[in-house]
């Protein structure tokens, strides 16, 4: 299954000539999960030929405009282009009220079901689950209620080694083997040792999206060993005081978290418009955590199984 | 004084790969008047190097998202970039409520004064006036409350022919001459004939913006002899029934209005995304009214004095 992140916007607060406001598409299998939706997201989706029909869920981290001002337009376009599949929207209190008011005044009755899931941004909580993934919120520390999201593949079944399977096994027993159990007789004696007839399962991949936040070391337990970590890095460390004051982070702080959490790969984004050239931010982060990349418009990051 | 229109968006309903939603900048002297503000307007302003600091007034014709979803983002950017000058916003009932809700949840206290002028979209009414222009609403016929806007220069002073002015004239009399009066003595005898010492004033220019509307011949009295008329032309006449049903107009209908109103120059826009090539719309309009142009992204239309 695909596990691929596409960056649509990397600019904080206001867009700049070459940078859009925050939005990312996480493609899991054949479904797109849209994370934040700054102004112009629907145009960015068009530019990168990402079909909005395949977006199943949209997650909004907080209600600063640079993270959601593209949402009403995108939903309107889905409506006008005939979407019928339900759309699940996860966001903080207030988001549903804003959209409802906008649709009231435009006389819009959506021709698909918009299912709103109000988030408690203060805690770690499972907000979505399907057969292959879970999504949890993680609490950020920002000027308004704000959370991040962790996407994790569920544990995968152990592949069966067909040529080693005894013939007496029936389907329910095969299922148990896939999930790591031994097969026993009625008295508890092991008939088939799991490890002898199965292989190690494929890795379960994970992506953590840390939206706008002051440097917050208490996030560490949530981020431990994730494959891909996005963390905002609005400023270089020279402006650490300004970062603290505005509830943002520096590139060095983002990298420190990545190093301490032993993640595989760090992406930094949400850059202040003052940085025309992003090299200083990247270098600063790489000094602390080598496997860092810039999450700039159009870039794609795949996580292999 | 400059009297110049810049088109920022020409697409109806949804943006397309090359077309943005409706927004136009009318530059009068050194001030910009922004007319409608579809998603992405602030990026289009950047692209064309139009300084949002010089926008004094914003006019929103109606609350369909393709005409105002860029507004909250633009106002946020003005705020974040330190605007202090008041901003006048003209729009239908509901717009102020929507913005207030968005700013409440983002914790935004604007550092400039946003003066909201609620429009009665059902009538012709003066909504703005300064020393050189007036702005009136004109009622459109659309699915939600919607109006257009007419921008008119005020009558201009008659230039004085200095070498022909008698020496006894004092400043208040000169002012009266500039505005077309003769100068008389106490008994009513004409001492100075206005036409002998003044020239014809420069023309007062006008621009009429007809936003989304079903074909509405009753607009004619408002549009008579305007220099520049923008009229939506969502469809070609082949789809006239669809235009009527959706409360939009065809290119032929827009041109018929322009011809009947004897305007100088017609611009058509708000094109359905079905038209990849806009030539059929232009040709159809030009068959009825030759002086027609496409109001496409980036184009500039100046009205000479």
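A Cβ is built for glycine as well, from the same backbone N, Cα and C atoms used for every other residue.
According to TrEMBL, the residue from B:265, B:270 that belongs to the Zn(2+) 2 site alongside B:66, B:67, B:212 is B:270.
According to TrEMBL, the residue from B:117, B:142 that belongs to the Zn(2+) 1 site alongside B:62, B:64, B:212 is B:142.
In space, B:212 is the closest of the binding-site residues B:62, B:64, B:142, B:212 to residue B:270 (Zn(2+) 2 binding site), judged by Cα positions. For residue B:142 (Zn(2+) 1 binding site), the Cβ neighbour count at a 10 Å cut-off comes to 22, with all displayed protein chains included. According to its DSSP assignment, residue B:212 (Zn(2+) 1 binding site) is coil.
Chain A lies within reach of B:64, taking the binding-site residues B:64, B:67, B:212 and requiring a CB-CB distance under 8 A. Summary of the Zn(2+) 1 site environment: with the site residues B:62, B:64, B:142, B:212 set aside, the chain residues having Cβ atoms within 8 Å of the Cβ mean position are B:61, B:63, B:67, B:140, B:143, B:144, B:146, B:211, B:213, B:247. Residues B:12, B:13, B:21, B:22, B:36, B:38, B:61, B:62, B:64, B:211, B:232 surround the recorded Zn(2+) 2 site, their Cβ atoms falling within 8 Å of the Cβ centroid of B:66, B:67, B:212, B:270, which are themselves excluded. Residue density at residue B:66 (active site, proton acceptor): 27 other Cβ atoms are found within 10 A of its Cβ, drawing on all protein chains shown. Mapped onto three states, the DSSP output places residue B:66 (active site, proton acceptor) in helix. If you take the Cα of residue B:142 (Zn(2+) 1 binding site) and the Cα of residue B:67 (Zn(2+) 2 binding site), they are about 13 angstrom apart, rounded to a whole number.
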